[in-house]
Amino acid sequence: MPKRKAKGDAKGDKAKVKDEPQRRSARLSAKPAPPKPEPRPKKASAKKGEKLPKGRKGKADAGKDGNNPAKNRDASTLQSQKAEGTGDAK
């Protein structure tokens, strides 16, 4: 089977050798390329000195508030005290 001639090897016969059109779909050429989304910033990693023990992740923040009704006293007494306190403050 004969090999295809390169474009530069044409010997003056412009009628026989035509420039092949670039084959690109009309659908693709009609709309521009979509813009790339901006990269999201990465989360800052925790500093080496601030690591907590593995078992204390959730419990460390709960103790800082000091007004956790489930820990200090039951919720019903806390709500009743709030209701009484609102009537006194005039």
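Cβ from N, Cα, C; glycine included.
Between SER45, SER80, Swiss-Prot assigns phosphoserine to SER80; no such entry appears for the others, which is not proof they lack it. Per Swiss-Prot, the annotated ADP-ribosylserine among residues SER25, SER29 corresponds to SER29. Checked against Swiss-Prot, the residues LYS18, LYS43, LYS82 yield a single entry marked N6-acetyllysine: LYS82.
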